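Trainee: Structure incoming, see below.
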Amino acid sequence: MSDNGELEDKPPAPPVRMSSTIFSTGGKDPLSANHSLKPLPSVPEEKKPRNKIISIFSGTEKGSKKKEKERPEISPPSDFEHTIHVGFDAVTGEFTGMPEQWARLLQTSNITKLEQKKNPQAVLDVLKFYDSNTVKQKYLSFTPPEKDGFPSGAPALNTKVSETSAVVTEEDDDDEEAAPPVIAPRPDHTKSIYTRSVIDPIPAPVGDSHVDSGAKSSDKQKKKTKMTDEEIMEKLRTIVSIGDPKKKYTRYEKIGQGASGTVFTATDVALGQEVAIKQINLQKQPKKELIINEILVMKELKNPNIVNFLDSYLVGDELFVVMEYLAGGSLTDVVTETCMDEAQIAAVCRECLQALEFLHANQVIHRDIKSDNVLLGMEGSVKLTDFGFCAQITPEQSKRSTMVGTPYWMAPEVVTRKAYGPKVDIWSLGIMAIEMVEGEPPYLNENPLRALYLIATNGTPELQNPEKLSPIFRDFLNRCLEMDVEKRGSAKELLQHPFLKLAKPLSSLTPLIMAAKEAMKSNR
């Protein structure tokens, strides 16, 4: 199959997904899903200013200093925070001491009084999730403006972080990547988010164990570990290649413009290879140290099922990141515009599990597995991308506790803020498999807060039409979506699951990719 998508013997067109199962909640809640009946919604309306949500935390997220010549390790939490104490009266079924903004969110969340009484702690967990000072957007996914979409073949690399108080939506960011022709992005509440760790802090020295004094020591820690801009630039100079990318790559074609950077396709002069190049203005990056983290991780993670990092250059304050370009677009385009059969789903799951087995063997958790972060080659290759959220686990810290990822794909242990490990990626893969069946993840038609509550309390989601799936596929889903982490399958174990033996050749994905592109063209 050539990249131009021409087939000599054209097979019957694959089934196209005629309509989405998403329905608007119809409420006035600004956090409610606002979907049309089309598979992909129209361009989001201009965001109105939101009231700032009162934070239960006293500090801000800290950067961590990276070690020379090593993949950066995410340090154990050192922010000892003083929190607001919220109580729950079991008799009246009311919360006490709740900040006014939280109360407003709860009123419009569609979480019923019965649900609140049944599990008040889960309610508080999801409210904390929306705290304005804990929600952070991914730093390295590129931000396309409304008029310039990026082809999904260009790996995500964020060049803007909004400092605006946010729930799941942000004023300027969009880590979903559109394939030409430009299509409307998915709903804002399907974007990736990051919240700070809430793991119990490392015991403080005697005499400093009180939470308030811990907060003071947190400030000292931040001063010690925060990298200055000059230190960051110096570190970048040690990891990038020397030279001018404008001379090593030619035929630059602008395919997108973000608030602080530009994305191009270009051709490697020496190899004749088409690549994606991100030109990032570092002066507009508030979290430059996270760029170092992702570049170092990407440089070290070489695998056939991971989008390949090729090179990076620093010219003044401009960072050029060269990545593999996949012309097929993102899996999101396929799942929202076409209907996949089980054998095609098995093929995608197998490729993703191969990537996850490699990552987990290298003590790396991706933490944001979803169809948007799976890119396809025109010949059907399947590759994971977007390592802005990845975390390294170490012998000293084998579990993470930061709430990271995208709400609808999050594992219950992440939503409930428990310590977690690599199997959060397996849960997200299971949700992505449902996405491939139904065109969207479970609970997407719910208010985001209630969706998080349902994930935390219900656990394994119900399928819309389970009887239509084969027993072997249902068993695979059950192994991925097992609430008990110990019983949930690992990537290595699931690669041996009988369902994957049903997989069609990867070339079977090519007609779906082409059909998705045609459908998007007609939706313009």
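Using the three backbone atoms N, Cα and C, a Cβ is placed for every residue, glycine included.
Quick paste from Swiss-Prot:
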MOD_RES   SER2  N-acetylserine
MOD_RES   SER20  phosphoserine
MOD_RES   SER55  phosphoserine
MOD_RES   SER58  phosphoserine
MOD_RES   LYS62  N6-acetyllysine
MOD_RES   SER64  phosphoserine
COMPBIAS  67-81  compositional bias 'Basic and acidic residues'
REGION    69-112  region 'GTPase-binding'
MOD_RES   LYS128  N6-acetyllysine
MOD_RES   THR134  phosphothreonine
MOD_RES   THR143  phosphothreonine
MOD_RES   THR159  phosphothreonine
MOD_RES   THR169  phosphothreonine
COMPBIAS  169-178  compositional bias 'Acidic residues'
COMPBIAS  209-228  compositional bias 'Basic and acidic residues'
MOTIF     245-251  motif 'Nuclear localization signal'
BINDING   ILE255, GLY256, GLN257, GLY258, ALA259, SER260, GLY261, THR262, VAL263, LYS278  ATP binding site
MOD_RES   THR402  phosphothreonine
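Give me the structural setting of these features: burial, nearby parts and distances.
Mentor: Secondary structure from DSSP puts LYS128 (N6-acetyllysine) in a helix.
Sequence-distant contacts of the motif 'Nuclear localization signal' (245-251) (same chain, six or more residues past either end, CB-CB distance under 8 Å): 265-270, 275, 277, 311, 313, 315, 320, 322.
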Trainee: Looking at the binding-site residues ILE255, VAL263, which one has the fewest other Cβ atoms within 10 Å of its own Cβ?
Mentor: ILE255
Trainee: At the level of the C-alpha atoms, what whole-angstrom distance separates LYS128 (N6-acetyllysine) and VAL263 (ATP binding site)?
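Mentor: One finds 35 Å between the Cα atoms of these residues.
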Trainee: Quick one: give me the count of other CB atoms within 10 A of the CB of LYS128 (N6-acetyllysine).
Mentor: 21
Trainee: Looking only at the motif 'Nuclear localization signal' (245-251), how are its residues distributed among DSSP helix, strand and coil?
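Mentor: Counting residues per DSSP class in the motif 'Nuclear localization signal' (245-251), I get 4 helix, 3 strand, 0 coil.
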